[in-house]
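Listed features, source TrEMBL:
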- A:13-159: domain 'L-erythro-3,5-diaminohexanoate dehydrogenase N-terminal' (DOMAIN)
- A:203-291: domain 'Alcohol dehydrogenase-like C-terminal' (DOMAIN)
Number of protein chains: 2
Amino acid sequence: MVEYGAGTGVGLHRVLEPAGVLPQAALRLDTDPRIRPDEVRVRVERLNLDAASYRQLRTAHGGDPGAIRAEVLRIVAERGKMHNPVTGSGGMLVGVVDEAGPDSPLGLKEGDRVATLVSLTLTPLALTDGLARWDGRSEQVPAEGHAILFARSIAAVLPADLPVPLALSVMDVCGAPALTRRVVAARESAPVVAVLGAAGKSGSLSLAAARRAGASRVIGLVPTAEEQERLAASGLADAVVRADARDPVAVAAAIGEPADVTVVCVDVPGCEHGAILATAPGGTVVFFSMATSFSAAALGAEGLAADVTMLIGNGYVPGHAERALELLRSEPAVRALFTARAGADSAQ
Amino acid sequence: MVEYGAGTGVGLHRVLEPAGVLPQAALRLDTDPRIRPDEVRVRVERLNLDAASYRQLRTAHGGDPGAIRAEVLRIVAERGKMHNPVTGSGGMLVGVVDEAGPDSPLGLKEGDRVATLVSLTLTPLALTDGLARWDGRSEQVPAEGHAILFARSIAAVLPADLPVPLALSVMDVCGAPALTRRVVAARESAPVVAVLGAAGKSGSLSLAAARRAGASRVIGLVPTAEEQERLAASGLADAVVRADARDPVAVAAAIGEPADVTVVCVDVPGCEHGAILATAPGGTVVFFSMATSFSAAALGAEGLAADVTMLIGNGYVPGHAERALELLRSEPAVRALFTARAGADSAQ
C-alpha cells in the first residue's frame with residue numbers, strides 16, 4: 001500500500017524548491033488544495049506549535065502577540081508549511097478530513113477529526129483567517145485553512161471519549177510505549193525493564209507497556225523524592241529508585257542488578273553512559289530522548305566494553321497512537337499521571 | 001567474569017578527580033603501576049594518536065615538532081592519560097603485556113603484544129622516555145612507559161602473520177562487520193543488505209561479513225565512478241551502485257527495491273534519511289558513522305512513517321577483532337582494498 005523507492009508517497013511532488021529534496025528539507029512546499037489520489041486534505045482547526053519554536057518566536061518579538069502572529073503568517077505564506085527557520089521545528093495540527101483520495105493508505109474518511117503525527121515541518125499548509133482568533137500567548141493556535149497529508153504521513157483519528165488535549169499529549173509520545181512493547185515482547189524470556197525518567201509522559205506509558213508486554217519486573221528511575229513518591233503510589237513499577245540520570249555510577253547503583261532492557265525517557269543530555277552501565281550484557285537500551293548524543297552512546301558502549309544493543313527511538317511504529325490511547329484508558333494510574341502533569345490543559 | 005553495577009571493572013578506583021565519574025570523564029587518572037587483581041599492565045611501545053587530536057596539536061603549535069612533543073608530554077603528565085582537552089579524543093596504543101592480574105577477564109598473558117581497542121581517553125598512561133624517538137611529524141608516536149587495562153577494557157593480541165599497521169587499521173573498524181554479521185544472522189530469512197560507503201574500510205568488511213552471515217544479496221553504494229569500478233572489480237558485492245549518500249531520493253533510486261538491512265559507513269553528516277528511505281518496512285538500519293545525528297535519524301523515520309529498527313553502531317561486540325582479522329585473511333578482495341587505502345603504511 002505504502003510506496004517506497006519511487007518516493008511519491010513521501011510528497012516529493014509537493015516540493016517547490018530546492019528540487020529533489022524531501023519535504024522536510026524543502027524551503028517551500030506546494031499547498032495546492034487539489035489532492036492526488038494518494039493524498040488527504042484536512043480542514044485545519046488548530047495548530048500546536050512545537051514548544052521550542054513558540055519560545056523562540058516569543059523571545060524574538062519581545063512577547064508582542066501581533067508581531068508573533070504576523071511572523072507565523074509570514075513563515076506559512078513563504079514556505080507553504082509552519083517550519084520555524086531558526087529552531088528547525090514545527091509542531092502538529094488538528095483538523096477535519098475534507099477529502100481523502102481513493103488511493104490513500106491512511107484509512108481516513110471525510111469528516112474524521114484527526115491529529116497529524118508527523119511534523120508541521122513537512123506538511124503543506126495554507127492559512128485563510130489571518131490567525132484572527134489566536135491571541136499569540138500560547139503555542140495553541142486556533143486556525144483556519146487546509147493541510148495536505150501524503151501516503152506516508154501519519155494521522156490519528158481523535159477519540160470521542162477523551163479530552164482533546166489529553167489525547168494529543170498521549171499521541172505526542174506514543175512511539176515510546178510502542179517500541180518498548182516490541183522490544184520486551186521480542187525477548188526470549190521475560191526481561192527486567194528499567195525506565196529512566198519513569199514519572200514523565202513517555203516514561204509512565206513505557207512502564208505500563210513493558211509490564212503488559214510481559215516484563216518480569218519493571219523498575220522506574222526518577223530524579224526527585226517527590227516524583228519517587230508519586231510514581232510509587234501509582235503502582236506502575238515494581239520498584240522506584242532515585243538517582244540523577246546523568247551520573248552513570250549513581251544510576252548503576254540505584255538500578256542494582258543490571259536490567260535486560262533499559263528505556264531512556266529523560267530529556268536532558270548526558271544520560272547515555274548511565275543507561276549503558278545499567279544494562280546487562282546482551283541487553284538492549286532504547287533511547288527516546290531527543291537529547292541523546294549518538295557519539296556519546298557509541299563511544300560509551302565501546303569504552304565500557306558493553307555488549308548491548310542500542311536503539312534510536314523511532315517515533316513511528318504502526319498502530320502506536322491507538323495502542324497508547326488504549327493504555328491510557330485501561331491504566332488509571334497512567335491517566336492520573338498525565339492529568340497531574342497537564343494541569344489546567346486537561347480540563348479543556 | 002566481568003563486573004557490572006559495582007563499577008570496579010570500569011576503573012573507578014583509578015579516577016583521582018573529580019570523584020565518582022567514569023575514567024573517560026575524569027580530569028586526572030592514577031597511573032600507579034601496581035595493578036589490582038583484575039587489571040593488566042602493558043609496557044608501551046607506540047601510541048597512535050587520534051587523527052583529529054594530532055591535527056589540532058599540529059595546528060596549535062604551527063607544526064613545530066618540539067612544541068607538539070612537549071604538549072603531549074604535558075597532557076599525559078597532567079592527566080595521567082592522553083586525552084586531548086581540545087578535541088576530547090585520544091587514540092590507541094600498542095605494547096607488550098608486563099603483568100596480568102589473576103582475575104583479569106581479558107585473557108592476556110605476559111609477553112603478549114597487544115593493541116588497546118578502547119580509547120586512550122580512559123587508559124591510565126605514564127611515559128618515561130620524554131618521547132625522544134618521536135619526530136612529532138605524524139600521529140604514530142614511538143613511546144616508552146606503562147599503561148593500565150581494566151577488567152572492562154578491550155585489547156587484542158596482534159597477529160604474527162599480518163603487518164602491524166594493517167592489523168591496526170582492521171581493528172580500528174572491527175565493530176562494523178561484527179554487528180552487521182549479528183544483525184544479518186538474526187533475520188528469519190536471508191536478507192538483502194545494502195552498505196552505504198561500501199568501498200571504505202568498515203564498508204568492505206561489512207559487505208564481506210553480510211555475505212558470509214547469509215545475506216541473499218549484498219549491494220554496495222559508493223559516491224564516485226572510481227570507487228564503483230574498484231568495488232565492482234573486488235567481487236565483494238552482487239551489485240555496486242553510485243549515488244551521493246546525502247541525497248535521500250538518489251540513494252533510494254540507486255538501491256531500487258528497498259533492502260532488509262542497511263549499513264551506514266559513510267563518515268559525512270546527512271546520510272540518515274537516505275538510509276531510512278532505502279530500507280524496507282520491518283528492516284534494520286545500522287548507523288556506524290560517527291557523523292550520524294540522533295535527532296535526524298529519529299525525526300526522519302517518523303517523518304517518513306518508516307517502520308524500521310535503527311541501531312547505534314556499538315564499537316564493541318565480543319570477538320570482533322579476531323573475526324575481522326579472519327575476514328581479512330580469508331577474503332583477498334578485502335585485503336586488497338585495505339592495502340590500496342593504506343598506501344605506504346601497508347609496507348611497514
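Yeah, the Cβs are placed from backbone N, Cα and C, and that goes for glycine too.
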Within the domain 'Alcohol dehydrogenase-like C-terminal' (A:203-291), residues counted as helix, strand or coil by DSSP: 34 helix, 25 strand, 30 coil
The domain 'L-erythro-3,5-diaminohexanoate dehydrogenase N-terminal' (A:13-159) - residue tally per DSSP class, helix then strand then coil: 33 helix, 45 strand, 69 coil
Model confidence over the domain 'L-erythro-3,5-diaminohexanoate dehydrogenase N-terminal' (A:13-159) (mean pLDDT, whole number): 94
